[in-house]
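> One structure is given below, represented as structure tokens, and several questions about it will come after.
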Amino acid sequence: MGQAAWKGFVLSLFDYKTAKFVVAKSKKVGLLYRVLQLIILLYLLIWVFLIKKSYQDIDTSLQSAVVTKVKGVAYTNTTMLGERLWDVADFVIPSQGENVFFVVTNLIVTPNQRQGICAEREGIPDGECSEDDDCHAGESVVAGHGLKTGRCLRVGNSTRGTCEIFAWCPVETKSMPTDPLLKDAESFTIFIKNFIRFPKFNFSKANVLETDNKHFLKTCHFSSTNLYCPIFRLGSIVRWAGADFQDIALKGGVIGIYIEWDCDLDKAASKCNPHYYFNRLDNKHTHSISSGYNFRFARYYRDPNGVEFRDLMKAYGIRFDVIVNGKAGKFSIIPTVINIGSGLALMGAGAFFCDLVLIYLIRKSEFYRDKKFEKVRGQKEDANVEVEANEMEQERPEDEPLERVRQDEQSQELAQSGRKQNSNCQVLLEPARFGLRENAIVNVKQSQILHPVKT
């Protein structure tokens, strides 16, 4: 049994399977197949080719350069600074203009600082003390302003004080104005010039209108109908980013300016236009301890005696990050052929699904399954099968009933009876053959009778 199974397995390795086309008269399966074909065709035409434009070769390696320029002036009149006019050199950092720049909107100024000895500011845990031993000489104050001298300074009869430090004195004040210093910054304008290039297609463009009119950039402002005048009002950018200008100007913040280029180079170059998006990038929760954006800088001077002093400024403002990205597409035969081939493969998957429904799921599935799958043997294999059948016939037991032998003989007689009409010779030979068959039957009877005697 095991040898026969192994032989059958080896022979099955040399079987060849070929497709057989069966026309199934099933309206349900036929309708399902046409619906699947329609869905796949619509997916291929609408989504793949019209929406995703998968027939194009795509270039996402965008090369970009950004130049920014801020213009505007602001006037302030405070008790600490007096009357002062602020221009671009005062409130724009860095002044040369890059894709990241900062506009000052609020200041805390500590003027006339000189290096010397003074008390640390209150509210700094490492600078607080009760006695001199709490202030180790030579140690710096963590998150403070200078080095400890070893003395604890207390006011009046207070038991708590702050360490004496060597620093720029007086130290920076903690108080903050309730209104931004540069309220007029809302009307400042920002000019953003962007150059882009797609190297795969050697395509270049800028976001500024190509014109000979020298006064164009001096009179225009950006709008949805004027995309090639990239001059933005600062207050408008903050509003488009979903923020309030007075709030963000007081404590500062970070705003992203996104320039998106999505170019279809199968169309005219004039159809490749920039799209602008604005978003606030920093933590804008009002109760967060990390909200806002600020940094410090100083301006240094010397008095007539040559002693250096400075004005320390803690600047709050808006940091702008200009982020450019994009892609360009152009027709190419390679992605077109690939996507068409994928669509045809989906068609084949639809046919496979319908085959499963036809031969396994519907009511007459067994009938269709028998019609679809058929085994075909070669002539040599048919001869082998016939030989095996003859061998099995010869191995039939001797005690088989005589009636079955007679039935076989009668069937042979009926098969040969049709040949008697062919010639007279055959008619003459039939009685002799019949006599031989009778003798064979008698011999079989005798063997059956003698068999019990032998045993």
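Using N, Cα and C of the backbone, Cβ positions are placed for all residues, glycine too.
According to Swiss-Prot, the protein has these features:
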- LYS69, LYS71, THR189, ASN294, ARG296, LYS314: ATP binding site (BINDING)
- 384-401: compositional bias 'Acidic residues' (COMPBIAS)
- 412-422: compositional bias 'Polar residues' (COMPBIAS)
- CYS118-CYS169: disulfide bond (DISULFID)
- CYS129-CYS152: disulfide bond (DISULFID)
- CYS135-CYS163: disulfide bond (DISULFID)
- CYS220-CYS229: disulfide bond (DISULFID)
- CYS263-CYS272: disulfide bond (DISULFID)
- ASN77: N-linked glycosylation site (CARBOHYD)
- ASN157: N-linked glycosylation site (CARBOHYD)
- ASN202: N-linked glycosylation site (CARBOHYD)
- 384-422: region 'Disordered' (REGION)
- 1-34: topological domain 'Cytoplasmic' (TOPO_DOM)
- 56-341: topological domain 'Extracellular' (TOPO_DOM)
- 363-455: topological domain 'Cytoplasmic' (TOPO_DOM)
- 35-55: transmembrane segment (TRANSMEM)
- 342-362: transmembrane segment (TRANSMEM)
> Whole-number Å distance between the CA of CYS129 (disulfide bond) and the CA of LYS314 (ATP binding site)?
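Cα to Cα, CYS129 (disulfide bond) and LYS314 (ATP binding site) are separated by 27 Å.
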> Going by DSSP, give the three-state secondary structure for CYS163 (disulfide bond).
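For CYS163 (disulfide bond) - judged by DSSP and reduced to three states - the answer is strand.
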> Would you count the other CB atoms within 10 A of the CB of CYS169 (disulfide bond), including those on all shown protein chains?
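A count of 17.
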> Six or more residues out from either end of the topological domain 'Cytoplasmic' (1-34), which same-chain residues have a Cβ under 8 Å from its Cβ atoms?
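Non-local partners: 350-351, 354, 357-358, 362, 364, 368, 371-374.
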> Give the maximum pairwise CA distance in Å, whole number, for the residues LYS69, LYS71, THR189, ASN294, ARG296, LYS314 listed as binding ATP.
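Max Cα-Cα spread across the ATP binders: 24 Å.
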> What mean pLDDT score does the topological domain 'Extracellular' (56-341) have in the model?
92
> Give me the CA-CA distance between ASN294 (ATP binding site) and CYS263 (disulfide bond), in Å, as a whole number.
38
> Quick check: in three-state DSSP terms, what is CYS229 (disulfide bond)?
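Coil, per DSSP.
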> Measure from the CA atom of ASN202 (N-linked glycosylation site) to the CA atom of CYS118 (disulfide bond) and give the result in Å, rounded to a whole number.
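ASN202 (N-linked glycosylation site) has its Cα 64 Å from the Cα of CYS118 (disulfide bond).
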> Could you say which of the disulfide-bonded residues CYS152, CYS163, CYS220, CYS263 has its Cβ with the most other Cβ atoms inside 10 Å?
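By the 10 Å Cβ neighbour count, CYS163 comes out on top.
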> Which one, from the recorded positions ASN77, THR189, ASN294, has the smallest tally of other C-beta atoms lying within 10 Å of its C-beta?
ASN77
